[in-house]
Amino acid sequence: MPVKVTMDKIVALAKNRGFVFPGSEIYGGLANTWDYGPLGVEMKNNIKRIWWKKFIQESPYNVGIDSAILMNREVWVASGHVASFSDPLMDCKECKSRFRADQLIEDYIKEKGLDISIEGWTNEQMMEFIKEHKVPCPKCGAHNFTEIRKFNLMFKTYVGVTEDSKSEVFLRPETAQGIFVNFKNVQRTSRKKIPFGIGQIGKSFRNEITPGNFIFRTREFEQMELEFFCKPGEDMEWFNYWRQFCMDWLVEFGLKRENLRFRDHKKEELSHYSTATTDIEYNFPFGWGELWGIANRTDYDLRQHMEHSGEDMTYTDPVTGEKYIPYCIEPSVGVDRLMLAFLVDAYDEEEVEGETRVVLRLHPAIAPVKVAVFPLSKKLNEAAYKIYLDLKKKFPAEYDESGSIGRRYRRQDEIGTPFCVTYDFDSENDHKVTIRDRDTMEQIRIDIDQVDKYLEEKLKF
């Protein structure tokens, strides 16, 4: 019988084992900020590494970029973020709590089991629903809300010593615009022909009204985005290609297919720049949630930046001489919620010799520690430690000499370490060690000088 995975179990494991800590904890914290501990940063880096390998390094089409977080304010005017990047905000007049009106309604609909979609609703329609159904405040139960108003999600700051409109800038709410404004630079210097893509990994910031569910939705987050430019008319073919590519990537690196689904956006849901959008959703303990968004952004962004900047964003086909503004397909995923999905999907409990064994069945490429080395006895520390130091040159490794071997295995199982190497008294004579597999718990004896080759083969992706 499959174990029931709860958010409480995942959060407890993450905090207790050094994956994720509350931000600014010694000062009482800062709501919905998280720091990644020794295991968390390794796991995040592994996720970014395998995304980069599959989407950029191994792709004959794609190249990378690392654009600035702070950009000219006009970038966000052109993209539409200054005018329309907002959520519907309302306050409870009784307890002063703030809510997103659409989420308030969606939670009410879910609770009541109603079959209603509010996608595309105006503020007026949402307010009418709240009044008609007497939707209560989730905090205090009152039905006394302010009118709904727009709340811009961008963090505003200033460059230089004066705080006026000329020095106003924003922390970027997405990495995509840094790619669009560099389209001509990248195309010219890389000499790429359409179709080609530009990818990047970086921090983004959104002043979310109601962040939550641990690291699923935070105000500071990391994105992995690809903007793939193609000829108009070939856009849906590439849209379907990247849609499937993203799903295959998730399954290849360990997510169970039954916990994933495609959700195509209805016409009324589509963003103003999109003609087609599909979300790959994951079945989290709190329900289905967006994991990866794949959007056909058409030529909207390049056209907007061409109009606002005066820079020519057209592409000339080197064979036919045809000029056009390329269409863009965007697969965009958040590293933090991807890490949460991998933790949830990998978490398992089983009974072994009357005890509960907690194990993270992470794909070896994602596991923060690849191998742990144990001496069977402290008398064997010196030889075992030398093996550990040699392996650490090639793999993230841990050394553990305290407690019984069984207890040491359990500690590594809980953090997802795929392999454990034990140096015992026989090792001194036969120059072999025991390697134990995390998932099967099977053990094999292998020559000490073959351990690194064995691990390289097993950890290859």
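Quick reminder: no glycine exception, Cβ is built from N, Cα and C everywhere.
The substrate binding site annotation in Swiss-Prot covers R100, E174, F221, E222, Q223, M224, E225, E330, P331, S332, V333, G334. On its own chain, Q223 (substrate binding site) has E174, T175, I201, G202, K203, S204, S332, V333, G334, V335 as residues at least 6 apart in sequence with a Cβ closer than 8 Å to its own Cβ. According to its DSSP assignment, Q223 (substrate binding site) is in a strand.
Feature annotation from Swiss-Prot assigns ATP binding site to 206-208, 216-221, 290-291, 334-337. Around L291 (ATP binding site), the same-chain residues six or more apart in sequence whose CB sits under 8 Å from its CB are L250, L260, D279, I280, E281, Y282, V333, R337, L338, A341, listed in sequence order.
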Max CA-CA distance, Å, over listed substrate-binding residues R100, E174, F221, E222, Q223, M224, E225, E330, P331, S332, V333, G334: 26
Binding-site residues listed as E208, E225, least Cβ neighbours within 10 Å: E208
Intrachain C-beta neighbours of R219 (ATP binding site), sequence separation six or more, cut-off 8 angstroms: N32, T33, F155, F205, R206, N207, E208, P211
Whole-number Å value for how far R217 (ATP binding site) lies from E225 (substrate binding site) (Cα to Cα): 17
Cβ packing number for R206 (ATP binding site), 10 Å threshold: 20
